[in-house]
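Pulled from TrEMBL, these are the features on record:
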type    : residues              : note
BINDING : LYS10                 : ATP binding site
BINDING : SER50, ASP137, ASN149 : substrate binding site
DOMAIN  : 276-349               : domain 'PUA'
Amino acid sequence: MNSINCCVIKIGSNVLTTKEGKPDLERMNHLVSEISNFHKKGIKVILVSSGAVAFGRKEISLPEKLNPVLKKQIWASTGQIELINKYKSLFEERKLQVAQILVTKEDFRDRKHFLNMKNCVLGLLSQGIIPVINENDTVAITELMFTDNDELASLSAAMVDADTLVLLTNVNGIYTGSPDHPDSELIRVVAQDSEELASYISATKSSFGRGGMLTKLNMSKKSADLGIQVFIANGKQDNILTNILAKDTDFTYFEPKKAKQSTKKWLAHGDQYFKGEVIINQGAKSALFDQKISSLLPIGVITIEGEFKKGDILRISDEQGNRIGLGRAEYPSKTALEKIGQKNQKPIIHYDYLYLFHHE
Ligand SMILES: Nc1ncnc2c1ncn2[C@@H]1O[C@H](COP(=O)(O)OP(=O)(O)O)[C@@H](O)[C@H]1O
Ligand SMILES: N[C@@H](CCC(=O)OP(=O)(O)O)C(=O)O
């Protein structure tokens, strides 16, 4: 395990609520105290906290029949105030300040939004302020939604170049079956090329949770692939963060691969955020996978789909429809269409902004 210098800690709804669904303020206080200790040790912490819906639900009762999306919006928008106020006062007791950052998927899609957000978070960290991130549930409905806050936490860890991601939930990690079943065993380490674990995971999730354990697994694998070590651990357990630091507790640990350059990390998460698609020929495909570093040139492009601006994410596919990778557009779709198939043109995707899925 690597040392922890900068980490994203994600707290799931069920960690912050009691069995009856009420906010668990004692737990919240304990976790704030633990995070403050990390801070004192010089570890940079970005907190991704769920709980807005759960906090809102306890304050406001709504008619059964009301549209469920609207219910969630009402609870989240009212509950977020409660949630952040509580964090503010609990951190203030420890002489620490917090900032609230509410985001949607679109903010990770648009490079400008992304860089503005990144600069703000890094600025807050440089001033010793703890960013508390949550999804903007008022705006983020249907296709604008993250799968859940595990995805948001994983994106945030890549954004700030964190070395560690901690996903705190209500179980000790990923088990080989239902965590309540006596035969189920905790998977302690997920090695870089370990077997597929998805089959162990059932669809159950906590009453306020969204993605369940499967998103945690997928996001952990993605983060580890980018060079970020991941711990899935039990946020209901006392001293969990201290014990993770001391490596003296139960958790599922994902071994990180060699760290990727930060632009490539942004791109790696782009498979749902791309604005256009570039279909390339066999020659271009071979060049991209060659040992020699290569950018994608218009001569290797067969067609371009979608409208995009300079800086948007593009997906690259081959003629058979296989997805090859992602890259950042060097120029807008209009210019790209004019250059298709031409020699001696500037790359449409520069190597520094290219992320390939699999090496052949
Ligand atoms: N194989 C498994 N190992 C551990 N937990 C599992 C597994 N399969 C399903 N789960 C469920 O996943 C839940 C955690 O996911 P979720 O409710 O989304 O948490 P959170 O609100 O913390 O994001 C656990 O409470 C557990 O019931
Ligand atoms: N943004 C929502 C959290 C949604 C979510 O992903 O919850 P969870 O699966 O418990 O992390 C809220 O604050 O209630």
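Glycine residues also receive a Cβ, built from the backbone N, Cα and C atoms like all the rest.
No curator has checked TrEMBL annotations; they are predicted automatically.
Here the Cβ of ASN149 (substrate binding site) has 26 other Cβ atoms within 10 Å, regardless of which shown protein chain they belong to. When the domain 'PUA' (276-349) is classified with DSSP, helix, strand and coil residues number 18 helix, 25 strand, 31 coil. Cβ neighbours within 10 Å of the residue listed as 'ATP binding site', excluding its own Cβ and spanning all shown chains: 29.
Recorded residues SER50 (substrate binding site) and the residue listed as 'ATP binding site' have their alpha carbons 8 Å apart, per Cα-Cα distance. Within 10 Å of its Cβ, the residue among the binding-site residues SER50, ASP137 with the fewest other Cβ atoms is ASP137.
ASN149 (substrate binding site) is 8 Å away from the residue listed as 'ATP binding site' when you measure Cα to Cα.
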